[in-house]
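Database features (Swiss-Prot):
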DOMAIN    6-219  domain 'Radical SAM core'
BINDING   15, 64, 95, 155, 258, 259, 260  GTP binding site
BINDING   22, 26, 29  [4Fe-4S] cluster 1 binding site
BINDING   28, 68, 119, 189  S-adenosyl-L-methionine binding site
BINDING   253, 256, 270  [4Fe-4S] cluster 2 binding site
């Protein structure tokens, strides 16, 4: 079974959030009055594995495990192993803040994890504390170093924020020049009730222009391996690359191939939409089997919207959707 929407996009990528908990409090991810999902509402690992099994049967070939911070959930390493053992054919990726996992890197390598996306918005310790509310920069840098030493490919994701990390672009480029990483900037997307979005927005085009004033950035031709949303640039004389992801200024809705399932079992077909489809109650109803889940997933996929239409309708002080990013799963 192949998942296809009403405008002909094939969906083959699932982002599965295993928790909304995180050991950081990033300014763009949660607000002071943020409330966690109650524990009984969080999917059990066996329920998540059932969803992965279903996804694989529906031609999902790429799976990304996210949070919150996925490694903050007890038993996550065992869950990774179960997924890898059950579906060695799936391209498994993990997104993490990198603060908890330096000691786990050898085991991650052993069980077959070959790549990680690590969130890092700044290389400055004081700015890190300002952005995340915690003092863990050295832990993240140690994790990146350990991954590279172990042969795990690393993509570093930084949310581009004017007035926060725009002054560090040259430092980030140097970081990528010195290390074999993809250093990717993602345009800031206001979520939930964020009202500071316009003042923080730093466009991908502005980043590229600023970066080219510092170093020669050479466009990387798109290939089957490089078919994601990032525009990639090699750095002259460098080991790594610079990437730009522009969901706001230059959307990639026409080629979007992904679904999201939150840690409480809500299926979301578009990051810019608040429409959800409940899977948890079906999972926990003994009278409903996998066919009921397939039906919901297939019908939701058919109605997958073109998100930029929704983005165009928002006012400058509104988030792209009403839900906090930590609840959706970045």
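A Cβ is built for glycine as well, from the same backbone N, Cα and C atoms used for every other residue.
The shown structure was predicted, so the numbers you read here are calculated from the model rather than taken from an experiment.
Positions of the features from Swiss-Prot, shown on the structure.
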residue : record                               : DSSP class
15      : GTP binding site                     : strand
22      : [4Fe-4S] cluster 1 binding site      : coil
29      : [4Fe-4S] cluster 1 binding site      : coil
119     : S-adenosyl-L-methionine binding site : strand
155     : GTP binding site                     : strand
189     : S-adenosyl-L-methionine binding site : coil
256     : [4Fe-4S] cluster 2 binding site      : coil
270     : [4Fe-4S] cluster 2 binding site      : coil
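Residues 15, 64, 95, 155, 258, 259, 260 are recorded as binding GTP; their most distant pair of Cα atoms lies 21 Å apart. Cβ neighbour count for residue 22 ([4Fe-4S] cluster 1 binding site): 21 (other Cβ atoms within 10 Å of its Cβ, all protein chains included). A Cα-Cα distance of 18 Å separates residue 189 (S-adenosyl-L-methionine binding site) from residue 259 (GTP binding site). Between the C-alpha atoms of residue 258 (GTP binding site) and residue 29 ([4Fe-4S] cluster 1 binding site), the distance comes to 21 Å. Note: the CA-CA distance between residue 29 ([4Fe-4S] cluster 1 binding site) and residue 95 (GTP binding site) rounds to 14 Å. Residue 22 ([4Fe-4S] cluster 1 binding site) sits 5 Å from residue 68 (S-adenosyl-L-methionine binding site), taking the Cα positions as reference. Listed in sequence order, the binding-site residues from 119, 253, 270 having a Cα within 10 Å of the Cα of residue 259 (GTP binding site) are 270. Calculated from their C-alpha atoms, the gap between residue 15 (GTP binding site) and residue 28 (S-adenosyl-L-methionine binding site) amounts to 19 Å.
Within the set of binding-site residues 64, 95, 119, 155, 270, the entry lying nearest in space to residue 26 ([4Fe-4S] cluster 1 binding site) is 119 (CA atoms).
Residue 270 ([4Fe-4S] cluster 2 binding site) sits 23 Å from residue 155 (GTP binding site), taking the C-alpha atoms as the reference points.
DSSP assigns residue 95 (GTP binding site) to a strand in the three-state reduction. Between the CA atoms of residue 119 (S-adenosyl-L-methionine binding site) and residue 260 (GTP binding site) there is a gap of 19 Å, rounded to the nearest whole number. Over the domain 'Radical SAM core' (6-219), the average per-residue pLDDT in this prediction is 95.
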